[in-house]
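S.K.: Dumping what TrEMBL says about this protein:
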type     : residues : note
REGION   : 1-20     : region 'Disordered'
COMPBIAS : 8-19     : compositional bias 'Basic and acidic residues'
TRANSMEM : 34-56    : transmembrane segment
TRANSMEM : 68-90    : transmembrane segment
TRANSMEM : 110-134  : transmembrane segment
TRANSMEM : 146-171  : transmembrane segment
TRANSMEM : 194-213  : transmembrane segment
TRANSMEM : 225-242  : transmembrane segment
Amino acid sequence: MSSSLNQEDQKPAGEEFKSGDAGLSEQAEFKGKFWVYGGLFTIPLLAPAVLIALFINDDDHPSSVDVWTMVVIPFLLWTLLQFVCLASLSNAFGTDIVEERNESVSIKSAMITTLSHLALVSALLLTTVIGMLLGKNGDTLLAKWYGCILMLCVSQTIIAVIVSVLGTLYLEPLSETAATSFIYENLIYFGEPMTMTIAGFLNFVLAVLLFVFDNYGVESGVMGAALFWVVLMRLAVTYQYLSSWKNPTLSAAQREERTLIFDAINNPKKPQTRKGGSTSIVPSP
């Protein structure tokens with residue numbers, strides 16, 4: 001493994017460029033399906049704010065029955081749905097982070113840097129959301145939804161910050177080999193800060209939309225929803241492009257090994273073998 005890495009590091013720059021030339025042109029191609037998927041995927045993300053603003057009455061001092069049926073129960077279902085989806089997405093994001101990495105690059109340093117950035121971004125969002133939460137009050141159903149969604153955003157950003165700190169805390173004293181093992185065997189916890197940060201921003205957007213509907217009217221709210229839909233679709237398309245990129249410097253053997261590793265992580269009871277023998281759950285650092 002080490003000899004192959006040294007050979008990879010010693011490749012001339014021109015040779016590396018030629019090997020990735022075909023992939024370069026393919027990566028730059030317009031992919032209409034990414035826009036279709038991004039557009040369809042992001043519509044349900046914004047739908048709750050629009051439906052709440054359009055179909056929930058905005059009377060002052062609503063009855064307890066209205067609060068339970070129009071706020072508490074739907075919000076609990078929305079929260080449960082989010083956390084269930086985030087649990088599966090966290091593992092996918094964790095896998096995505098290390099899938100195309102070069103083994104000559106320190107995964108320990110790269111992951112610590114990533115976690116530090118995510119903790120900083122989440123902390124900044126957290127302070128903004130707390131300010132929004134403290135700056136508005138009211139007894140209407142829309143105001144209650146606004147507060148509940150902001151509280152959900154606060155909880156997700158707190159998770160992102162603390163999990164990032166914990167990951168950094170446990171990585172710091174480890175050697176490169178031990179850190180590689182630790183990361184691969186806990187991928188879900190290294191993907192979780194990213195998914196929680198994204199979810200926090202999503203709920204931040206929903207709260208902003210509710211505020212616009214409540215204070216500036218339906219027309220402004222609908223225009224805001226359309227604008228945020230374009231923003232979220234653009235981000236979804238960008239993620240699909242970046243996630244689909246294949247590292248041209250990785251060999252077929254390395255890709256096969258990583259496929260087996262990820263399969264072993266997702267199916268721990270299933271025996272994993274590669275051509276010529278068994279494979280370890282963790283590759284050489």
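Here the Cβ of each residue, glycine as well, is placed from N, Cα and C on the backbone.
Because the structure is a prediction, the values reported are computed rather than measured.
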S.K.: Test the contact criterion for the transmembrane segment (110-134) and the transmembrane segment (194-213): 3 or more CB pairs under 8 Å, pairs 6 or more apart in sequence, then answer yes or no.
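M.R.: The transmembrane segment (194-213) and the transmembrane segment (110-134): touching, yes.
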S.K.: Quick one: find which recorded stretch in 68-90, 146-171, 225-242 has the most Cβ pairs under 8 Å with the transmembrane segment (194-213).
M.R.: 146-171
S.K.: Mind checking which residues reach the transmembrane segment (68-90)? Cβ under 8 Å, same chain, six or more beyond either end.
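M.R.: Same-chain residues near the transmembrane segment (68-90) but 6 or more away: 48, 56, 62, 141, 144-145, 148-149, 152, 188-189, 191-192, 194-196, 199.
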